[in-house]
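Reading through the structure tokens given below for one structure.
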Amino acid sequence: MNVADVRKKSPLVLTYANFVTPQFVANTINVIGASPLMSREPKEFEDLVAIADAVVINTGTLQEKEINHIIQLSQIAYDMGKPVILDPVAVSVPFRANAITQLLKNGHVDIIRGNAAEIAWFAQVTFDSQGIDATGDGDVVKIAQKAAQATGAIIALSGTCDVVSDGQHTQTLDVNIQLLSTIVGTGDALSSTIGAFVATDVTVENVVSAMATFKLAGQKATNIVQTPGNFSGQLLDQLFVIKATEVQQFINESVKKHD
Ligand SMILES: Nc1ncnc2c1ncn2[C@@H]1O[C@H](COP(=O)(O)OP(=O)(O)OP(=O)(O)O)[C@@H](O)[C@H]1O
Ligand SMILES: Cc1ncsc1CCO
Ligand SMILES: [Mg+2]
């Protein structure tokens, strides 16, 4: 889907959110024309997944007792035919690595969205990080392709250069918008935005469409404001008004295919 389709369909995105950024994530989903809902209560997962169009699992503040909950949530989504997007925050930290290993083994994930260091963990490539941030350097195209092949999921690697790969088809969007990395939660918001854009179909094209919409909104925001506090609000405003036609033009000009 493109952003016009998202506004028409208004998909309900169910997010198992961390406790740091749910307000920003919910607002992002709302302004693009989709419908946000957050829950961490297993007793209502069946009912919520039944009405959801996509399920996003963010493990940013996961606790041990919740590992089984996210596995259960991903299985319910799979059984009901709803796409699952995983945001594996700081996955290289041992407790998190163990939780995600269990989720991949016993649950089901369609798309993994993370920064370069997080995606490198799935590809078994060394990449420097500092907690939630990727700080290293590496071949992000190769990393995304390897991670897709290792997991069977579509990979959405974000950063200066965004990369989307299913292991065979790979597309990149290399546009530097420094202010996007100053707001904590832009990655979390992007993961849930991807949920909205793949609600009807899990495809590389739909993931690229979500990432391009987000990045172009960021670029337009930096033409208006140059500081993080104002940028955060302006990013939401630009996501609210962005047109599918201008995103398509941005994709035509800036997305490269590496097949
Ligand atoms: N230097 C950069 N230039 C351009 N875009 C960037 C840059 N850094 C991040 N982004 C964009 O910011 C958004 C969030 O990606 P990022 O890789 O920072 O996620 P993250 O590390 O998971 O963030 P968070 O943990 O704060 O949610 C994406 O749309 C990505 O394209
Ligand atoms: C700062 C932080 N800590 C755990 S989750 C999170 C938000 C970024 O994903
Ligand atoms: Mg993140």
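Note that Cβ sites are derived from N, Cα and C of the backbone, with glycine treated the same way.
Nobody curates TrEMBL annotations by hand; they come from automatic prediction.
For M38, G185, the entry in TrEMBL reads substrate binding site. The feature ATP binding site is assigned by TrEMBL to R113, S158.
There are 27 other Cβ atoms within 10 Å of the Cβ belonging to S158 (ATP binding site). Cα of R113 (ATP binding site) to Cα of M38 (substrate binding site): a distance of 18 Å. Under 8 Å, Cβ to Cβ, and six or more positions away along its own chain, M38 (substrate binding site) finds L14, T15, Y16, A17, P22, V25, A26. Within its own chain, G185 (substrate binding site) has V20, T21, F24, V25 as residues 6 or more apart in sequence whose C-beta sits under 8 angstroms from its own. In this structure, the binding-site residues that sit close to ligand 1, with a C-beta under 6 angstroms from any of its atoms, are S158, G185, chosen from M38, R113, S158, G185. Counting every protein chain shown, 31 other Cβ atoms lie within 10 Å of the Cβ of R113 (ATP binding site).
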